[in-house]
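Record features, source TrEMBL:
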TRANSMEM  46-68  transmembrane segment
TRANSMEM  80-103  transmembrane segment
DOMAIN    101-390  domain 'FAE'
ACT_SITE  C245  active site
ACT_SITE  H324  active site
DOMAIN    407-487  domain 'Beta-ketoacyl-[acyl-carrier-protein] synthase III C-terminal'
ACT_SITE  H408  active site
ACT_SITE  H412  active site
ACT_SITE  H441  active site
ACT_SITE  N445  active site
Amino acid sequence: MTTGGGGGAGAGDSAVGVRIQQQSRMALPDFLQSVNLKYVKLGYHYLISNLLTLFLVPLILITLIQVSQTTDLHHLWLHLQYNLLTILTCSGVLVFGLTLYAVTRPRAVYLVDSACFRPADHLKAPFRSFMDHSRLTGDFEESSLDFQRKILERSGLGEETYVPEAMHSIPPQPSMAAARAEAEQVMFGALDNLFQNTSLKPKDIGILIVNCSLFNPTPSLSAMIVNKYKLRGNIRSFNLGGMGCSAGVIAVDLAKDLLQIHRNTYAVVVSTENITQNWYFGNKKSMLIPNCLFRVGCSALLLSNKLADRRRAKYRLVHVVRTHRGADDKAFRCVYQEQDDAGKTGVSLSKDLMAIAGGALKTNITTLGPLVLPISEQLLFFVTLLMKKLFKADVKPYIPDFKLAFDHFCIHAGGRAVIDELEKNLQLRPEHVEASRMTLHRFGNTSSSSIWYELAYIEAKGRVRKGNRVWQIAFGSGFKCNSAVWQALRNIKPSPNGPWEDCIDKYPVEIVT
C-alpha cells in the first residue's frame with residue numbers, strides 16, 4: 001500500500017501520461033488496441049475462402065464481353081444449323097454424362113428425427129442414495145466407498161441421473177431377466193417416441209442396427225426389436241457389441257453404407273448400454289470408476305435415403321470419420337473388461353486413457369480437418385508446418401480453428417476430464433461445450449447415446465438454424481475416436497417428448513468443481 005504523498009505523485013504522473021497518450025492517439029490511431037484480432041482473422045478467412053470466386057467472376061464477365069464484341073452471333077447460329085450431327089453428338093454425350101453422374105453419385109442420407117429415452121423418476125440415483133446402497137451391499141471396503149464418493153463429487157454428474165431397477169434393490173438383483181427388462185424398457189421407450197414423432201410404420205423399416213457393448217444375449221437385442229414391433233421378414237438387421245461409447249457413430253456409418261446400396265429405404269439405429277449385469281462389486285479402484293459415471297440411457301434414429309424425406313428431415317449426413325488405434329497394445333487395453341483378483345468382473349480404465357484419447361483425437365481431426373475446415377485455416381496450418389519442418393523456425397504448432405467449420409459441438413459426455421481436455425485443446429468456448437456438460441450433469445455417461453442427448457439439448461434451446469453444422473465426436477474402447485458431421489436442413493424445433501422437455505429452462509446450471 002502506498003502513502004498519501006506517493007499516491008498523489010503517482011496520480012499526477014498518471015494524468016500526464018494519459019494526456020500524452022491521448023495526444024499521440026489523436027495523431028495516429030493505435031490499431032493494435034482498436035482492432036480486435038479475431039475480426040482480422042475472420043476477414044482473412046472470408047477473403048481466402050472466396051478467393052476463387054473473386055477471381056473467376058470478373059474473368060467470366062470479361063470473357064463474355066470480349067466474345068460478344070468479336071463474334072458475329074448470327075453467323076455462329078447459321079454455322080450450327082448446318083452441323084446438326086455435331087450438336088446431336090454433343091447433346092448425347094452430355095445426357096449420358098449427367099445420367100452416369102446421377103446413378104453413381106453417393107445418395108444423400110437424411111436424419112428424419114431422433115428420440116432419447118428418459119427413465120421414470122423413481123430410478124433416479126442421488127449421491128447420498130448411491131452411497132447408501134453401495135454401503136448396504138456389503139461388497140465394498142471403506143476405502144472403496146471413500147474412493148467412489150470422491151469420484152462422484154468430481155465427476156460432473158448431478159443428483160438426477162438414473163440407474164436400472166435392479167440396482168435399487170438391496171441387495172442388487174443383476175439377473176439375466178433384469179438385464180433383459182432394462183434393455184426392453186430403454187429400447188422400446190426410445191422407439192415408441194420415434195415412431196410417434198415420425199408417424200413411421202414399423203413395417204416400413206428396411207434396415208435395423210442396434211449397438212450395445214456389454215450385454216449381448218441370445219436372441220440378440222435387434223431380434224428383440226423385430227419381435228416386439230413385428231418387423232418384416234426381409235429386414236436387414238445388425239447387432240454391434242463390444243465397440244464402446246463411440247459405437248453410435250459406427251452404427252450411423254454402417255447405416256450410411258447400407259443406404260448407398262438399398263434404394264428408397266428407411267434405417268433405424270438404436271444406441272444403448274446395459275448396466276444391470278455390468279455393475280462392479282469389487283474393490284479395484286480402476287474398475288470402480290464406471291460405477292460412478294455410467295447411467296441409463298438410449299437413443300433411436302430414423303435415417304432415410306428417400307429424396308421425398310428431405311423436406312421433413314432435420315439434418316443431412318455430411319461426413320463420418322473413424323479412427324482405430326487397436327494395433328497399439330496400450331490403446332487396446334486402456335478400456336478393458338476383465339476379472340479382478342477376487343474373480344469379480346468389471347471394466348478397467350487405464351491411467352493412460354486421456355493420453356491415448358488425445359492421440360486418437362489428433363489422428364481423427366487430422367483426417368477430418370481437410371474435409372471441413374475453410375481453406376484459410378488449412379493454409380495457415382500448412383505454412384506453420386512448412387516453417388517448422390523446412391526452416392526449423394521456432395514457432396508453435398498452429399491449431400486449426402474448428403469454430404469456423406462447425407456451429408455446434410456434441411462431445412461425448414464420458415466424464416468431466418474428457419470435456420475439459422477437448423475444450424482446452426480445440427480452443428472452444430464454454431458455450432460450445434455447454435451441451436456436453438449439461439448432459440453429463442443431467443443424465444450421466446449414457447455411453448454411445450450421449451451425443452444424441454446433447455443434440456437434443458441444443459435443439460431444445462432453439463439454437464440450430466438452417467445451414468448450421470454439428471460435429472459429434474465420441475471415444476470408445478479398442479481404442480477408437482469417431483466423428484460425424486451433420487448439416488441442418490431447416491431451423492430445428494425440439495421433437496415432442498424430448499428428454500429435456502420439462503427441464504430445459506433450468507439449464508445451464510453452475511457445476512461445482
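Placed from the backbone N, Cα and C atoms, the Cβ positions cover glycine too.
Automatic, uncurated: that is what TrEMBL annotation is.
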(message) Run through C245, H324, H441 for me and report the active-site residues whose CA is within 10 Å of the CA of H412 (active site), in sequence order.
(response) C245
(message) Please list, in sequence order, the residues in the chain of H408 (active site) that are at least six apart in sequence and whose C-beta is under 8 Å away from its C-beta.
(response) H432, A435, L455, I458, R463, V464, N468, R469, V470, W471
(request) Have a look around H412 (active site) and count the other CB atoms within 10 A of its CB, chains all included. (result) 31
(request) For H441 (active site) and C245 (active site), determine the Cα separation and express it in whole Å. (result) 17
(request) Mind looking up the mean pLDDT for the domain 'Beta-ketoacyl-[acyl-carrier-protein] synthase III C-terminal' (407-487) in the predicted model? (result) 96
(message) Can you give me the same-chain residues 6 or more apart in sequence from C245 (active site) with a CB-CB distance under 8 Å?
(response) S213, E273, H412, G414, N445, S447, S448, S450, A474, F475, G476, S477
(message) At a 10 A cut-off on CB-CB distances, which of the active-site residues H324, H441, N445 has the highest count?
(response) N445
